[in-house]
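Peer 1: The structure's right below; bear with me while I get my questions together.
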C-alpha cells in the first residue's frame with residue numbers, strides 16, 4: 001500500500017467502483033489511446049502486464065465506384081442509337097444511303113431545271129402583302145389602275161436582263177395568287193357541295209383535276225399561238241401560267257354567289273367579273289404581245305394578227321369562268 005501511495009502522491013486512493021459510471025484510470029486511458037493506432041505499442045511499465053498481439057485481418061481493397069455510361073433512356077431509340085454508333089458496318093451503310101440520297105436529289109434537281117429554273121421559280125413567288133392587295137384590286141377593279149408598264153431590271157453595264165420581281169413591281173406576274181386561288185376555289189366548291197348534302201372526298205380531287213385541265217388547255221393554246229406569231233422572250237412560259245391562273249380570283253366570287261343569290265345577281269356578277277378579267281388581260285398582255293418598239297423582228301408583219309390573238313385570249317375568259325362555275329359531285 002505504501003508503494004501505491006508513493007506512486008499516487010502519497011494520498012490513499014479508494015478502490016475503483018464497478019458500474020456504468022466508474023471512472024477510468026490514467027493507465028486505461030493511455031492503453032485505449034494506443035489501441036487506436038495498431039502500429040504503435042503502448043509503453044510498458046513494471047506493473048503492467050504484457051498485452052498479447054493479434055494478427056490483423058487483411059481485407060481486399062475496395063475499388064472506387066465508377067458509374068457506367070448508359071444509353072439515353074429518355075428516348076426509345078437510345079440503345080439502338082448507341083449500338084448503331086458502335087457498329088462500323090451500320091455507319092458505312094448509313095453513309096452510303098446518305099450519298100445515294102444526295103445523288104438522287106441532284107439528279108431530280110437537274111431534270112427539273114431542264115424545264116423550269118429554280119431561280120426563276122423563286123422570282124415568281126417573291127411577293128409582299130402590299131403586292132397581293134394591289135394585285136387583287138387590279139383584278140376586281142382593273143379600270144382604277146393607271147400604269148400597266150413593267151419595270152425592267154438592268155445589270156451594272158445598263159443592259160436589260162429581265163424584269164423586276166413582284167415585290168418591286170405591282171405589274172409583274174406572280175404564281176402565289178394563282179396557287180392560292182386554285183386552293184381556295186377547290187375548298188369553296190367542296191363547301192357548296194357539302195351544303196347540298198352530296199359531298200364525297202373524291203369531289204375535291206375531281207374539282208382540282210377539272211381546274212388544272214382548264215389551265216393546261218389555255219396555256220398550251222396560248223403557247224401554240226405564240227410560236228406561230230413569233231412571240232419569243234416577250235412572254236415567258238411562267239408568265240402565261242400566272243395570267244391564266246388569275247381567273248380563279250374572279251371565279252370564286254361568282255361561285256360563292258350562285259347558291260345563295262338570285263339568278264340575276266349571279267349572272268350580273270358573272271358579266272361584271274368577266275369583263276374585269278378581259279380588261280385586265282388586255283392591258284397586262286398588251287406590252288408583251290404588241291411592243292411599242294419597232295426594232296423587234298417580225299412585229300410589223302404580225303402586228304395585226306397579234307392584236308386579234310390578244311382579243312381572242314381575253315374574250316375566252318368568259319368561257320373558262322362559265323366552265324369553272326359548273327360544279328357537280330363526282331358521284
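Please read every residue number as a count from 1 along the shown chain.
Cβ atoms are placed via backbone N, Cα and C, with glycine included.
All annotation found in TrEMBL is predicted automatically rather than curated by experts.
Here TrEMBL flags 10-19 as compositional bias 'Low complexity'. Taken from TrEMBL, the feature compositional bias 'Polar residues' applies to 25-48. What TrEMBL lists as region 'Disordered' is 1-57. As annotated by TrEMBL, transmembrane segment applies to 175-198, 204-225, 237-257, 263-285, 306-325.
On this model, are these features tucked inside or out on the surface, and what's nearby?
Peer 2: Long-range neighbours of the transmembrane segment (175-198) within the same chain, counting only residues 6 or more positions beyond its ends whose Cβ lies under 8 Å from a Cβ of the stretch, are 121, 124-125, 127, 132, 135-136, 166, 204, 207-208, 211-212, 215, 238, 241-242, 244-246, 248-249, 251-252, 255-256, 258-259, 324, 327-329, 331.
Packing against the transmembrane segment (237-257) from elsewhere in the chain are residues 116, 120-121, 124, 136, 139-140, 173-175, 177-179, 181-182, 184-185, 188-189, 192, 211, 215, 218-219, 222-223, 226, 265-266, 269-270, 273-274, 276-277, 280-281, 284-285, 288, 317, 320-321, 324-325, 327: each is 6 or more residues past its ends and has a CB under 8 Å from a CB in it.
Residues 138-143, 145, 148, 171, 173, 235, 243, 246-247, 250-251, 253-254, 257, 310-311, 313-315, 317-318, 321-322, 325 of the same chain sit 6 or more residues outside the transmembrane segment (263-285) yet have a Cβ under 8 Å from a Cβ within it.
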